[in-house]
Every structure is written in C-alpha cells, then in structure tokens.
Amino acid sequence: MPDAIRQLTLANGLQLTLRHAPRLKRSAAALRVHAGSHDAPAKWPGLAHFLEHLFFLGTPRFPLEDGLMRYVQALGGQVNASTRERATDFFFEVPPNALGGGLERLCQMLAEPDLGIERQRREREVIHAEFIAWSRNPTAQQQFALLQSVSARHPLGAFHAGNRYTLALHDAAFQQALAGFHQRFYQGGQICLSLCGPQPLDELERLARQQAELFAAGERVPQILPPPLPAMASALTFTHQSLPSGAEHALELLIAYLEDSRPGTWLGALRERGWLRRFTAERLYAFAGQLLWHLDLKLSADACPDEASALLQGWFRFIRQADREQLNHQFGLLQHSRAHSASALELARRDSTGQPFAKLDTQGLQALGALLESLPGADHGDWQLLPVDPLLKADLPHAKAQPLPAALKISDQLPPARQFAALYLRWHVPSPMRQPLQRVLEQALAPLQERCDRASVQLQYSSAGEYWQLHCAGLPAAVLRAVEQALALMLKPPASCWLPCTALPPALIPIRALLKQLPDAVRGSLPPAVPACTLTQQQLDSLWLHTEWHGMAAGFEDTALKALGAALEQCPGQGSRPSPLPTWANHRWQHAQVPGSEHALLLFCPLPAAKEAAGRLLAQLLQGPVYQRLRVDLQLGYAVFSAFRQVEGVGGLLFGVQSPHTDQAQVLDHLLNLLRHGVTLDPAARQALAGQFDEPAMANADVAEWAWQTHLATQADRLDVLRRSILTTRQTDLDHLLSALLDPGSAWLCLANAAAPDTSWQGENR
C-alpha cells in the first residue's frame, strides 16, 4: 500500500509535508531552511555554517545536556545538520513516541537560539578544527579545486566553511550580520518541515502545528540569483543554465541509468575493455535553473580517456533518443524499491527537499528533455536499453526446494512480516593465499555490488584476520537472487578478475581509516607473507577445499527458506560452527599506518558477553560526559564519539577521537580521567536504553546485525533477555564493571596512528 501524504501551509508561512508509512519502525523530522552559505554576507565566510553549529549548544529552555543531540542520542537515534550553498538542513530520527520531544527541541533551538559570545568563542575553535581537517583532506581539496575552476565570478569558487580568522566574533558588524541572518531566514516563510513515521497523518499534523508555531510569521525571501555558470572544459564535469523546474529530479534519473554497469551501458562498455576501476556520479550544485555535476571516473593505466569520453557522448545521444516514457517507467520501479527500503530519516529528508522517491511527473519529463539536449552527443558505440534488473522483482526465484545446511543458523529475532531478510556467510580461510585471492573475489563481486546498490540491496564482502564474510540484506527475493549470483562469482570469478589491479581505494580521514582496520586489529592476526606469483583458478579451487564455513539467516519466511536452501547448494567449503572469540592479555597498542596528519585514536575495551547489558548502559551513561568534556570543554576536535560496539563477536566500549592539536597520549589521559570519574545510574536512561532493544523499535538491519554478532559470540540471541538484563542493572553493577575495566591487567586495545606512549602497552606495528 502506498504511503499516505499530506501537504499544507501553516499560518506563519511554513510549508509542511507529512508522510504516514505503517511499515516504518521509527519516525523522523527534516527541516530545510532556504538559506545557505551563498546567502550569507561575503564579508564573513562561514557565517551560515557557524550559526548551524551554534544552534546545537542548547538554550535556556533546553540546555546542552537536554538539547536535541543528547535527547536523540539517548534514544539510540540519529541527528545531524548540513549547510549547503543555498539551503541548511536539520534532521533527526527517533522512536515514534519521542518524535514530539525531538521536534519541540529542534524548533525551539532554531527559533530562539542562545548566541552568547562565550559559546561562540568555543564553537569557533571547533569550526577551525573542521577547517584544518578539511584543508588536509585530499578528496575535499580536489572537490574545492573543481569548484574554483567553474568561474571566478560565481560564489561556488569562494571559501564558505569558515575558520578562526573569517569569524570575527568581536566585530560588532559580524554580530549584527549573524543576528540579521537568523532573523531574515529562520522564519516560517523560509522553512519546509517534513515529518514521517507510522503515526496517522492527523497525529503528525498535530505535532507539527504545536511546535512549528514557534517560528515567526514571514514570507519567502527572494534569494539573490547567481551569475551564469560557464561551460566546463572537463569532459566529465557538466554545467547547465536556465533549466526548467524539475531538473534535479531529471538528473537523478540520468544518474540512475549512468550507474547501471550491465553490458550495453556506458560503464558496461568500459568494464568489457578492462578499463573501469571506480565510478561515482555526484550533483555538486543546483539552484535557480543551474546544475553542476561531476563524474569521478578512475580508469586503468592502459585505458584511453579520450575513447571513454567519446563512448560517454555516444551513450548520451542514445539516451536522448530513447523512449522517455519507458525510461521513466523503469526509473519508477527503481524509485519504488528505494522508497520501500528507505528509513524514516531518508524519506523525511527527501520530502523536505521536494525530491521524494518517485518517477518523473510531467514537469520532470520536460526538464529531462532540456537536460539531455544540453549534453554533448555523438554517434559512437553500441548501446541497449536494458530490461528491468531481476533484483527488482518481488517474486521469489523459481528453484527446487532444498534442505538448509546444518551450518546455517536460523534466527527468529526478525519476523518475516518485516519484509526484510538478512544472510551472513563466514568462511575460515587459513590459506596463505587468502589475501591475494581476496582481491580477485573483490573484483568479481564489484559489478554485482553496483547492481545491488542501485536496487537498495546491501551486499558486502569483507575480511578480518583469517576470515572472509559475505553479508546480504534487503527484500527477501532480492537477497536470494543476489546471494545465488554472488556465490557463483566467488566459485568461478570471470577471467578479467585475475589480472592485477593497481587501483587504490579513496583515501579516508584518519579516524575512519582506523575504524576500517578495527576488525583486523581485534582478530590480532597479521597477513602472511605471500611470494609473488600468478593467481589461478586452481589455487582458488584448492583454497575452497580447505575452507570451513558457517552462517546465519534472519527474516525469511518458510517458502523463502526453501529457496535459500537451493541457493546455498553451491556454497563453497565445509560446514562448521563459529570459531572461538579472539582474546588477548593486558593492554595492547597497535600502530596503524593510515593517511592523514591529524592525531587519531580508537580505544576498545572488551567486556565478557555476560556483561553486555551493563556494558551497554555504561556506554550510554558515558556518552554525554565524553562529548561534553572532549568536544565542548577541551575542544579536542570535531570527531569525538563513544559507544558500545560489537566487533567480530566481541562486545565492548569503543571511544574514538581525531584531533589536529592533541596527541594520542593526551587523548588517552582524558579518557582515563573520565572513566575514573565514574557514572551515576539514571533510571530514565536505563528505561530508554532497554526500549531500544524491543524488536518493533529496532531498525531491521540492526536486529539482524545484533543477532549475527551474538551468534559469533556463541550466545543465545534473545532480545527480551537483553532488555530484562538492562532493566535489572544496578549502580553496583556499573561500579564493578568500571573497576574491572580500569584494572591494569584488563584487556584493552588501542588502535592509533602513532606509537605506544610508554612500555605499559604491548606494541605492534601494522
């Protein structure tokens, strides 16, 4: 049944979109203010971004400890904001019964912010830390250089992020501009608010009316039109001028077809030639009929860039001549799949921007025509308009039912009625050839992963220590088809995948690079030395003969399980059971070589499986103090977090910090001081945490991941048991757990981009 949608305008001018989606477990709000960095005075670069930060520092009515961020985080929700060129977005997702509290805090902080000078001073340092990280990030600098190349007259080429020197806090003119920007743009006529959740439309409307009346009445302020966008010299960057309304949605359709890498498409042609290494398409700017978008294409060393560009122009011409109704029909099927798989937060954000998951309307089709006409074209290449991807089919694949392997556990924690299935397969690969052969499998699975991404199916192939893992999740029919194809590719990779691949993955900021290495670090195994050799299918066949596997499925109904049995007939390796969890003694420090110059550290403190409930509550109670002390008081940097995490089946406290000026040893001291300070049990926080582990309140993917991690830990996967354990956790339980964690002999893992600070840590370089 399609979602029920209601749109209306409130008395203060605020535009409201409400979406009732009964399948959702959570509710979300997304608020867009039609003003961004290009609308701020050019004299004060970063003013709009700075104001966005200040909103989150609390107000007299809702101080920081009870503000939107803490409120949402305490409920296990998501919250964030983003300042773009001509708009600023605020959004959060929470359990349905908490939507009103979140919306009240959001509207109050935006309508009546506290812009005190002392908090401005502190937050300016956070902005400056972001600026330093941005200036050191190669990817960010490449994009900035691209924007600067557009036009010297267009504001796209200017600096808008802000730093310590552009935000002149003690200049009266700056303070006047800051207050004036808020008064001019943060009023009803400038705001679009969307609410989305399982609640009836009338309830959503009541909540919206009750809180949105905080905004002053106003009319839409005409935003200054930018100068023209000149044509770009780059073959992969495109500018458009004077496009009709609906052009952003039309570009989404075009990119959806560009991302199709099956034979007969542009990416398919590049892949057939062995040239394609990596591809992403990104809309960089859209406003007042202007569009700027870019194709980030990485080709092999032997590729011909001119031929790749010529093929692209040939494909543009083909799409321009294709039946647009047929294009739109297939796009509609893709959008329907995306909408069904989207979270409440994704749906609300799309609604707030006027870009719901839907096919093009009449205006959008006209915009598509104008967009295609403004693209270069050539009579070059052999192209096809392909049929609908089978991954979008809702019916189960036809196959003779087969019994499920004994190595596959069936979890009952995710009801089939959710229409979300997850499958985890894990292989123990002791062979020294696992690392080079892993790269072969990564290349083999890449085209299928691209198709899965388009069809809103998760397909992830990963490794940790001596283990390979395949994870697939989404609509049950799509999961079955994707897994069957994935296993076939893992058994017999195409010939092109055996060639050496020299493409490097995109560089990550230090803290994200450490998070990527964390599973390997927990496993504690270094990759074996492998002599250079030519890889062959025979080596892979031999590897599979000496490999053991086990897995877990969740969310499949009986008929789908029978089809899953057929799909797993070709699962390589011998069935087994989960391996013992990794363990280590005392404090272990791992020095990771990652790109970037900022100090970064992850501290992982494992806990016994029986202490999961107390550990989760302890992590919840530490989250606020960690953020307050490290991010707000000490201003170590903008990347600060703490949480309970399960990694390779091992549950524990995880702390992460990236700082441009405070080294790892100092960060560690601050964390230890926080732990020594202890926590005080808050019954309300305990109740809220327990509520997060009620299946109807958990995201489907989170239920499946929790069940899998619990399976790896060889524990019983019962959410009701975890909830009861949380509710019965006492202050003494938390005190004893903290005392055990602080014992010098406790098993800690510190993963950092620096050497151990002293000999109390057992060091290791990677």
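Every residue, even glycine, has its Cβ placed from backbone N, Cα and C.
What you are looking at is a predicted structure, and each value in this text was computed from that prediction instead of being measured.
Together with His49, His53, the Zn(2+) site in Swiss-Prot holds one more listed residue from Glu130, Glu203, Glu205, which is Glu130. Cβ neighbour count for Glu130 (Zn(2+) binding site) (all protein chains, 10 Å cutoff from its Cβ): 20. Long-range Cβ contacts of His53 (Zn(2+) binding site) within its own chain (separation 6+, distance under 8 Å): Glu123, Val126, Ile127. In this structure, the C-alpha atom of Glu130 (Zn(2+) binding site) lies 14 angstrom from that of Glu52 (active site, proton acceptor). Cβ-based neighbour count (10 Å, all protein chains) for Glu52 (active site, proton acceptor) stands at 20.
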